[in-house]
Amino acid sequence: MLYRVIRRTLSATLSTHRQTAYNNQDTPFDFTEANYKEVDSILAKYPPQYKRSAMINLLYLAQKQCNGWVPLAAMNKISKILEVSEMDVYEVASFFTMFNREPVGKYHLQVCGTTPCMVRGAREIIKTIENECHILKNQTSKDGLFTLTEVECLGACVNAPMIQVNGEEVYEDLTPETMKNLLDMWKAGKEPNVGPQNGRKNSEGPMGRTCLKCEPQAAQFRDFAKVKEDYANKKAEEAKKAEAKKAEEAKKAQEKK
Amino acid sequence: MPNSSLNNNPINMLHQLKRYFRASSRLLNTIEVFIDGNSIQVPPTFTIMQACHKAGVNVPHFCFHDRMAISGNCRMCLVEVERIMKPIASCAYPVSPGMRVKTQSEMVYNARGGVMEFLLANHPLDCPICDQGGECDLQDQSVVYGYKQGRFLEYKRAVEDKDYGPLVTTIMTRCIHCTRCIKFSEEIAGMPVLGTTGRGRETEVGTYIGRLMTSELSGNLVDLCPVGALTNGPYAFTARPWELRIINSFDVLDPMTPAIVVNTRGPEVMRVLPRIHDEINEEWIHDRSRHAFDGLKQQRINACLVKTQDGFKEIDWEQAINMAAEKLNQVSGDEVVGVIGEHMDLEAIVAFRDFMYRLGCENIEARRHGIQVSADFRANYLMNSKITGVDESDLVLVVGTNLRTQHPVLNARIRRCVTQNDLKVAVIGPSESLGYDYKHIGNSAKTLKEILDGTHPFAKKLEKAKLPMLILDSSLLKREDGEAIMALVQELGNKYKLVNPEANWNGISILNSSVGNIGALELGITSKHIPGFKPKIVYLLGADNFRPEEIPEDAFVIYQGTHGDEGAYRANLILPGAAYTEKSGTYVNIDGRVVMGRLATSPPGQGRSDWEILRALSEVMGHTLPYDDLQEIRYRIAELAPHLVKYDYVEPYNQTEWITKAKKGDVVESVFADQVDNFYMIDAISRASPVMAKCSAAFNHLKNSNFVPEFPNR
């Protein structure tokens with residue numbers, strides 16, 4: 001019980017930097033030549049005085065280049081490119097949970113733990129990964145292959161439960177068995193198929209494709225000629241009534257005289 | 001335009017009238033708002049909080065600070081505005097015509113109570129051991145808005161403490177994330193090393209990489225912090241605010257003489273805090289002003305000492321005075337030299353001057369190593385544009401000084417103007433990081449010459465500027481070619497609009513390095529320079545910063561001062577004086593502003609006010625000085641210089657005309673070097689201070705950045 005409380009109370013990642021041999025200010029980092037082209041194309045999207053808008057994109061690019069994490073040196077480099085203080089980059093990088101500021105395994109398994117997935121068995125998925133890879137949440141396996149984190153809704157609740165790997169590929173409709181299968185394939189160096197793992201196509205319902213099967217009906221248009229005629233008739237009727245009323249009033253007035 | 005009313009030219013007056021109407025129409029255009037039902041007229045640029053303050057209604061707040069940007073994240077200043085559903089953060093919401101604000105309604109109390117409950121949810125209940133206790137905004141406001149009972153049953157979060165250096169102690173668990181310290185480091189100190197990292201519950205304020213806060217203004221973080229997260233390191237656990245006596249004074253360790261509060265308990269100075277003075281320091285002081293006072297408790301001279309063969313021997317005042325009198329009587333006045341120290345008050349300087357003149361001695365020196373410019377007119381040695389001139393100026397040329405280490409408070413003002421008024425700064429001299437963008441245009445007087453010729457590209461900018469300023473460090477005037485540099489600068493002033501009589505503007509501002517220096521110049525004390533002159537007696541009045549070779553080896557040295565520093569080391573006879581917190585004295589700052597430092601504690605041991613010692617000595621020698629108390633000596637000052645008894649006031653002087661012109665000469669084109677190699681130790685008091693020693697050890701190696709940080713695109 002106490003263990004659980006402590007695990008819940010302690011944060012998953014630290015909000016501050018820890019100086020390590022593999023991650024410090026002197027660690028060399030530079031974007032590759034290909035990525036510099038990418039940097040230029042990203043910067044071109046923003047006005048030069050608002051360069052800093054490109055910060056998240058550049059951090060993501062750096063994360064991709066460094067196998068899934070952003071070293072401190074990369075943040076410093078980005079601060080130089082964007083002409084902002086280093087602290088500004090640290091703030092952004094530490095705010096967003098999708099930036100890993102510590103190294104992760106080759107496959108960063110982000111299991112969705114939000115309500116629909118949880119109802120559909122996300123906890124079993126997590127347990128499977130924990131047992132198969134001998135890791136707990138926020139840990140990396142000894143062989144450096146897997147890192148497990150629990151994340152919030154990944155936006156495919158129809159295919160719950162699901163995991164996202166390295167922030168890109170998603171594997172849906174999981175069961176403990178299919179999850180184990182996936183892990184085994186990765187361990188064997190194979191790449192499993194992306195998407196639903198129960199043979200379902202995208203997010204089709206259990207009865208296959210049911211809607212949008214027939215030809216779409218033509219849109220119904222209003223008959224403007226008729227509408228116009230109706231309107232004219234109505235007007236004429238009203239005019240008649242008003243005339244009759246006027247005539248009656250005139251008659252009454254004459255009688256009084 | 002400064003003092004434009006002094007200008008009697010009718011055309012100018014017309015211009016000023018026009019300007020007045022232009023400005024006043026904007027000012028007079030006020031709107032009516034209602035604060036708690038009371039109507040009040042405010043300019044449309046006001047926020048609700050400003051309007052409330054104008055109406056005399058206090059709005060509680062944590063993150064809002066007058067001199068920094070609005071962040072609006074503490075939500076404590078919520079008020080109710082009629083016809084707006086939700087409570088509104090008044091610090092960030094502009095007023096609109098006819099707005100009806102309620103600051104005391106039930107909704108407001110509930111809203112603020114809710115905010116307070118959330119702030120207290122993770123705030124530790126350690127007020128009894130917190131240094132902020134008694135002057136804590138959170139404590140004060142929770143008395144009004146806090147609920148009786150907490151509903152938060154979860155574990156409180158704990159945040160690891162950060163290391164900002166020896167001056168600022170952090171207990172980050174107490175932090176309520178008001179971000180004032182972040183704004184300060186970014187906007188005022190110009191050193192954006194602080195920020196919020198993490199998100200949600202894990203948010204932390206800090207430097208992320210665990211670096212120190214190396215700014216010279218870092219002590220101000222403690223004043224800004226509304227809770228006890230950042231506390232005064234050296235003051236930790238020493239006193240409670242209600243035990244302290246408050247003495248409003250002025251600091252002399254900085255020649256700007258920032259307004260300070262000296263807090264004492266019994267006979268001891270406990271801490272020094274800044275006081276608001278818009279024309280000097282706004283509300284900041286640098287770390288030496290704030291923390292060097294503990295040097296007043298170390299290395300003190302608390303008894304009269306005489307040098308014998310077995311070292312210094314303690315003697316009583318009578319013996320000491322008699323010995324000094326005897327020695328001085330043995331020689332003629334010509335063979336005596338008097339040296340005035342950096343922190344001397346006007347009273348001591350006047351007494352010293354009168355005393356030395358009565359002995360027949362005219363060799364009194366205050367200007368370290370001899371300033372080469374005449375002291376006849378104030379424009380020659382003061383900051384002619386005034387400190388507030390920075391606010392009006394549109395171009396500043398800094399010559400021969402690193403403002404960040406020599407005048408950090410002035411540098412903060414310039415930084416504010418750079419960001420708010422679009423002030424442009426150029427530097428000739430050391431090109432260190434100043435905390436704002438500036439253009440480094442040269443290293444030596446050669447650049448000044450080029451600007452004068454018009455060959456330098458900066459000359460065009462100077463020509464276009466309306467009220468340009470040239471900040472010149474007085475250390476340049478102490479060089480052998482000092483007078484030639486001054487002549488060069490005066491020529492520059494006349495060629496460009498640096499000196500502009502129409503606007504009553506003189507932008508040539510000379511930054512003096514000490515109040516003793518300025519005080520002596522104000523009283524017209526300058527010495528004749530006689531090369532090869534060897535005095536028989538040297539009287540050091542609190543003078544410590546001199547070169548040992550300036551005093552002949554066989555001279556008898558009388559040192560009257562406070563600290564066992566350079567002066568006492570060389571002295572044959574030591575008379576214990578009083579430091580700036582231990583005497584009532586007046587000083588003149590770089591503006592020419594006369595400020596009054598007040599007595600906070602008495603001098604230790606046998607120490608006496610400096611003028612009293614001189615008065616006693618003069619009586620023994622038979623040249624009795626004609627004043628017996630502070631009042632009489634100030635009458636004497638008024639006799640010599642009437643403007644020196646108008647306190648906290650700058651006497652207007654003819655600043656737009658060079659009455660004495662400096663002689664032109666050959667300017668040596670050597671590099672203008674940084675004059676301060678260690679910001680934390682530049683005088684006897686700070687050299688004796690353990691806190692300053694810690695700072696030197698912790699910070700100086702981090703400040704060896706003799707380059708401007710640049711942002712290469714790749």
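The backbone N, Cα and C atoms fix where each Cβ goes, glycine too.
According to TrEMBL:
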type	residues	note
BINDING	A:C112, A:C117, A:C153, A:C157	[2Fe-2S] cluster binding site
REGION	A:188-208	region 'Disordered'
REGION	A:233-257	region 'Disordered'
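Remote same-chain residues near the region 'Disordered' (A:233-257) are listed as none (criterion: CB distance under 8 Å, separation of at least six residues from the stretch ends). Same-chain residues lying 6 or more positions outside the region 'Disordered' (A:188-208) and placing a CB less than 8 Å from one of its CB atoms are 156, 158-159, 169-175, 178, 181-182. Neighbour counts were taken at the CB atom with a 10 A radius for the binding-site residues A:C117, A:C153; the maximum falls on A:C117.
For the binding-site residues given as A:C112, A:C157, the lowest number of other CB atoms within 10 Å of the residue's CB is seen at A:C157. Secondary structure of the region 'Disordered' (A:233-257) per DSSP, as helix, strand and coil residue counts: 24 helix, 0 strand, 1 coil. Look at A:C117 ([2Fe-2S] cluster binding site): DSSP puts it in a helix. Helix, strand and coil counts under DSSP for the region 'Disordered' (A:188-208) come to 0 helix, 4 strand, 17 coil.
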